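K.L.:
Here's a structure for you.
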């Protein structure tokens, strides 16, 4: 079989159509397929003329309604995006130095943000009412937290062993030996550090306790006067003048899962009858060439199967500026003016049509709402780790989310996805300037969501959590190590955000959000320091002689005190704060029905197992987060990788590589404490034995087989598994369908396969006008690529080729027209198997 015949056989057309094509050479085939019979000055440009025909062979249902257009040079191009209507969106530089702002005010250059009143008098009165209520509630939270912390800290002070604080006089130590003075002060310095750390950590735990408690009361009562969801009755027709864009920024994600979830979401929107009010934008920042081609294929299949021409769009940026936030900003600049609202979706997001329509209705009913965040439920994973985390977030999450809403009201969080945003104020106020200066805490903002919410509120718009709106879903990382990879990026981002704590005009609630974001990760090194100082105090007590006399001519010795009954009482009180939210969560489920969680006994057993699991993982996370915080301050680079979205298990080698140092620390710590005092080892046992077991817990919990076994036993069962909503059932069905027809090695197929080359050529974005300089550059790229083996062609050079329709056409022609000359490419491609289901069957294509 000659190469021309082989080329024709690779086309998804009927045998009769193949027989009608010329077998003389490759150029003749492309000329025969070119309905316009164009003449090309170069023979290796001839594939450009057959792009339309080759696309119609493979994806005839995707080319309706003018999907195929001509660029300025007359080349065929897929209309993957609507015409841009640009808006101005530029950030104001950050002024993080309060001294500099004070100097500006002295010079009459006040930079306080200003905004115009947008509400009627009645709306302003309603707005002022909930803001006053929110302020009062937050003062109550502050008083409760601080009072509880003061009492606990004073109690902690009374049970520490060395109580001679008042007898220490620095002047008496001036004339004595330095070592003697140091040994006298050492226990008290350690105790002071312990006490300060205890106060900070207890305050952090106390705030979480009161948040969960108020969330429990909100959910138990079932009525919330200030819930934003109560502002609509739920069935109002959508305003045709207010259109909504569903935007999904993606970067090197699992293409099958992305498009399965997106299709399920769109099908659910269509089922509501409101699809005409929505458009979908897939905003790709992918830089893996194979994934880029797979995304193009998946988009073509999606618009064909759901009839999404003119409503579902795809764009891949060639310049990845500011990562996800830059991708969203780029959408706003080009197409944002065409929409009143946008819903931001993550790659693993799935939302029902009712939820999306509900968010739009809430926006229309609340004209001063800038962002409304839904409360996504975690589901869809099968590993033991993910199922345990799904159960935890499903059981405990509603309490904390409702509690956050209780304290924050319309000055709340935005989590970056599954939320609706009012586009105009977002464009005007939420562009993010890079943080000034140098170092690891300067440059592009990593965790953009909290900052965008703060800027929206600074401009006078409300930020709400619709915690009681159902139909919003997401997925969790499948194992501990993948979760920690994500946490490292979040840790760095939250530490960066704290630089904005003193920025002018930020609402106190969002300053608190920045603070809690930092404490989410800074609490780990603080806890580690607390444990380290406690251990050091025990070492001092065991190995040194107590200093009974701290003053000259002191009549009575100061004896170290050990009051285990008080220590146990304080420990029990702290455990109540930590675990009472879990108990309240299960109590709420017991009151409202346990059937969807597997029944009374199974949900109770699941709770106990989850508590054990969280105890085992807490010290492991503590050490990892400590390393992340230290890394951020030392300026170690954070790699921005997309998290693992599928059920991926951790190997033993990877586990011991990541957890080996923790295992060693746990062993040394345990042996040392056992040698010093077995009683102290009892208190440290949950910490040290969790570290020793960390590699084993990490591996076993990452296994999908173990997770599926617990699912069969109805442990860690959640309502979405007991009675899956249709949108999740559809997601699983579409995911299986996509996996069966998935495309691997997309770049090589885009070079060789007639259909995928036509697709890549039609979707290439570098469509410049012809020039001699450009032709020289194109020839250089093609020659350099073909003169090397495909293995040596790096990612960046592949992306350059993939972005230019002319280079893709020329590559395609040359490897088929001169296989002997480019034998390394041909041999490499012959070793690649094309999934037979990746393209339509010839008999189906001919019907």
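Including glycine, each Cβ sits where the backbone N, Cα and C put it.
Feature table excerpt (Swiss-Prot):
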TOPO_DOM  1-138  topological domain 'Cytoplasmic'
TRANSMEM  139-156  transmembrane segment
TOPO_DOM  157-193  topological domain 'Periplasmic'
TRANSMEM  194-216  transmembrane segment
TOPO_DOM  217-511  topological domain 'Cytoplasmic'
TRANSMEM  512-534  transmembrane segment
TOPO_DOM  535-567  topological domain 'Periplasmic'
TRANSMEM  568-590  transmembrane segment
TOPO_DOM  591-602  topological domain 'Cytoplasmic'
TRANSMEM  603-625  transmembrane segment
TOPO_DOM  626-679  topological domain 'Periplasmic'
TRANSMEM  680-702  transmembrane segment
TOPO_DOM  703-847  topological domain 'Cytoplasmic'
K.L.:
Where among 139-156, 512-534, 680-702 do we find the most Cβ pairs under 8 Å to the transmembrane segment (603-625)?
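P.N.:
Top-ranked stretch among 139-156, 512-534, 680-702: 680-702.
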K.L.:
Restricting to the same chain and to residues at least six past its boundaries, which positions have a Cβ under 8 Å from a Cβ of the topological domain 'Cytoplasmic' (591-602)?
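P.N.:
For the topological domain 'Cytoplasmic' (591-602), the list is 220, 395, 713-715, 717-719, 722-723.
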K.L.:
Take the topological domain 'Cytoplasmic' (703-847) and count its residues per DSSP category (helix H/G/I, strand E/B, coil), listing them in that order.
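P.N.:
Output for the topological domain 'Cytoplasmic' (703-847) reads 96 helix, 0 strand, 49 coil.
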K.L.:
Tally Cβ pairs under 8 Å between the transmembrane segment (512-534) and each listed stretch (139-156, 194-216, 568-590, 680-702), then give the stretch with the top tally.
P.N.:
194-216
K.L.:
Under the DSSP assignment, what numbers of helix, strand and coil residues are found in the topological domain 'Cytoplasmic' (1-138)?
P.N.:
67 helix, 6 strand, 65 coil
K.L.:
Could you check whether the transmembrane segment (139-156) and the transmembrane segment (568-590) come into contact, where contact means at least 3 Cβ pairs under 8 Å with the two residues of each pair 6 or more apart in sequence?
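P.N.:
They do touch: at least three Cβ pairs between the two stretches lie under 8 Å.
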K.L.:
What residues elsewhere in the chain lie close to the transmembrane segment (568-590), defined as a C-beta under 8 angstroms and at least 6 residues from its ends?
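P.N.:
Non-local partners: 152, 155-156, 159, 202, 205-206, 208-209, 212-213, 216, 219-220, 395-396, 398-400, 597, 600, 603-604, 607, 610-611.
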K.L.:
How many of the residues that make up the topological domain 'Cytoplasmic' (591-602) does DSSP mark as helix, as strand and as coil?
P.N.:
8 helix, 0 strand, 4 coil
K.L.:
Per-residue pLDDT averaged over the topological domain 'Cytoplasmic' (703-847) comes to what?
P.N.:
90
